[in-house]
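S.K.: Could you have a look at this structure, given as structure tokens, before my questions?
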Amino acid sequence: MGVQFGDFIPKRQISLDDLKGKKVAIDGMNALYQFLTSIRLKDGSPLKNKKGEITSAYNGIFYKTIHLLENDITPIWVFDGEPPKLKEKTRKMRRHMKEQAEEKMKEAMKKENLDEVAKFAKRASYLTPKIVDNCKYLLGLMGIPYVNAPSEGEAQASYMAKKGDVWAVVSQDYDSLLYGAPRVVRNLTTTKEMPELINLDDVLEELRISLDDLIDIAILMGTDYNPGGVKGIGFKRAYELVKSGVAKDVLKKEVENYEEIRKIFKEPKITDEYSVNLRLPNKEGIIKFLVDENDFNYERVKKHVDRLYTLIANKTKQKTLDAWFK
DNA sequence: CACCAGTA
DNA sequence: TACTGGTGG
């Protein structure tokens, strides 16, 4: 979820061509969850292997990664580590929402309302640690870099973008802006809408505020670390409070742990232990994992694995060539 | 999510 | 050739 900046900040439609030749850090959990909820059959059930284990996320990782490479975009997948203590309330709420969705799905099944069943099945779905581990394993086999963040994945991805190791952070959430990501790309891991780019400097310039102000607006509205924010305050009120210079007073009075929340955005736990370089894929390993262990179609996987190998081999070759002429 | 066959 | 809806696991 994250902060609800939605319609209040400037963004522009882009195409995959605008990302050509660039590396991007993908908010892994965010993307995996999208795959899990969207890669489904008509009845709302996810893809499964013969053992009944959900494989939608593997499908998404595999095909989306190849599709991005095909467009000369290099994804670096960034996964969450240990959540900040202050996130506990949000996590409990989310668990509760899932349980409620589970109940509603059962009711819809009794009523044989198939649309409702599908809707609540999506809402009740969650990523298991095993699914996430297997996604990392698959990325490893594919030769695609991934990063285990010490804490929030978006904080780590934003750090990598700030350093210039990647051009942008890919996420549906706006929180990366609060971590100082210079660019955030939305709708890259979905197909319903066109990709859009949010430029942090443009946001701050258009609103005539600082990043600290933006963080204050977010905390007033509510973040994962103070869900709900200050009662009755949405973007417009928060913006007015910041512009009139009284935001700090309200925050200090109304938001428990204000300074600590601010610190999560300003000084997040991050690591320099990562690589953003592609490696040649392990073709046999991918086929063993997807086909033998997860019942993907051999012909289909084989075709894509060969394509993946060619793409990465060419990219590596090009890089060596570039270095030669530099 | 992307693929692919069937369609116009 | 471009589109779209059913399928994959």
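Cβ atoms are placed via backbone N, Cα and C, with glycine included.
Unlike curated entries, TrEMBL annotations are predicted automatically.
Okay, these came from TrEMBL:
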BINDING   A:Asp27, A:Asp80, A:Glu152, A:Glu154  Mg(2+) 1 binding site
BINDING   A:Asp173, A:Asp175, A:Asp224  Mg(2+) 2 binding site
COILED    A:87-114  coiled coil
DOMAIN    A:1-101  domain 'XPG N-terminal'
DOMAIN    A:140-209  domain 'XPG-I'
REGION    A:1-98  region 'N-domain'
REGION    A:116-245  region 'I-domain'
REGION    A:317-325  region 'Interaction with PCNA'
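Are these features on the surface or tucked inside, and what are their neighbours?
M.R.: According to its DSSP assignment, A:Asp80 (Mg(2+) 1 binding site) is coil.
Other C-beta atoms found within 10 angstroms of the C-beta of A:Asp224 (Mg(2+) 2 binding site) number 23, with every protein chain shown included.
Over the domain 'XPG N-terminal' (A:1-101) the predicted model carries a mean pLDDT of 94.
Helix, strand and coil residue tallies for the domain 'XPG-I' (A:140-209), in that order: 26 helix, 14 strand, 30 coil [DSSP].
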S.K.: So what's near the coiled coil (A:87-114) in sequence-distant terms, Cβ-Cβ under 8 Å and 6+ beyond its ends?
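M.R.: For the coiled coil (A:87-114), the far contacts come to 1, 43-44, 120-121, 123-126, 224-225, 227.
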S.K.: Counting Cβ neighbours within 10 Å across all chains shown, tell me which of the binding-site residues A:Asp27, A:Asp173, A:Asp175 comes out on top.
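M.R.: Highest number of other Cβ atoms within 10 Å: A:Asp27.
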S.K.: So which of the binding-site residues is most packed in, judged by how many other Cβ atoms lie within 10 Å of its Cβ, out of A:Asp80, A:Glu152, A:Glu154?
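M.R.: Result of the Cβ crowding comparison: A:Glu154.
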S.K.: According to DSSP, does A:Asp27 (Mg(2+) 1 binding site) sit in a helix, a strand, or coil?
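M.R.: The three-state answer is strand.
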